[in-house]
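A.B. asks: What follows is a structure written as structure tokens; I'll ask about it next.
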Amino acid sequence: MPTTGPPPPLPGDRPLPSSFDNDEDFYNENGFQKIARKLKQEPLVPLGCVLTVAAFTGAYRAMRAGDHGRVNRMFRYRIAAQGFTILAMVAGGIYYSDDRHKEREMWKAKRDADEEEKRLKWIKELEARDEEDKLAKEIMDKRRQRAAAAAAKREGRAVEDKAAEGGAAAAQDAKSSSGLSWASAPGWFGGNKNEPDANAQTNTGDAEKPSEK
């Protein structure tokens, strides 16, 4: 993650000034750059390592050649080179102790800042997911409400249609029964005026038959 400067100090912790405060590359360097910076700060340490390796190589070659005097001399050089390397490391550690302590503090602060940023991003992502879930739930609830309203409307229409059909059937039945009642009334209201005379003639005929016998 690129940064433009040192991370902000933690609350209640005011760091001491350091030579790295204005060095932006210090916070953006990789492993190779860090090693190069260490070599530039303490050049005597790699020099002592090179001298130690050279003395050990010379002792090995003298041993292969059978020159015991040179072997002893090279081993003494190796011991001296190792002592020089250790001394350079100790002196560099003492000289750069404050900067190293500051470097560790800055590294811890940067690590804490990165962890805090990751935590905030994680919280924001959870909040965004929560909002998405709430929005999806609201949309589903609205869809269910619309579906329920549409179903209720369809049921209401079906009930109204059934009621209208029942009313029409009742009106048709009432009309049919009214027509039958008017048709069964005698006289001018729709009945047959000759029916009583026919009944009377039938009765008269029946009465005249015994007298003929």
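Note that Cβ sites are derived from N, Cα and C of the backbone, with glycine treated the same way.
Below, the features straight out of Swiss-Prot:
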{"type": "REGION", "residues": "1-23", "note": "region 'Disordered'"}
{"type": "TRANSMEM", "residues": "44-63", "note": "transmembrane segment"}
{"type": "TRANSMEM", "residues": "75-97", "note": "transmembrane segment"}
{"type": "COILED", "residues": "100-149", "note": "coiled coil"}
{"type": "REGION", "residues": "142-213", "note": "region 'Disordered'"}
{"type": "COMPBIAS", "residues": "152-164", "note": "compositional bias 'Basic and acidic residues'"}
A.B. asks: Residue counts in helix (H, G, I), strand (E, B) and coil for the compositional bias 'Basic and acidic residues' (152-164), per DSSP?
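C.D. replies: Residue counts for the compositional bias 'Basic and acidic residues' (152-164) by secondary structure: 13 helix, 0 strand, 0 coil.
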A.B. asks: Would you mind listing the long-range same-chain contacts of the compositional bias 'Basic and acidic residues' (152-164), meaning Cβ under 8 Å and 6+ residues beyond its ends?
C.D. replies: none
A.B. asks: When you scan the chain for residues with a C-beta under 8 Å from the transmembrane segment (44-63), skipping those not six or more beyond its ends, what do you find?
C.D. replies: 70-71, 73-75, 77-78, 80-82, 84-89, 91-92
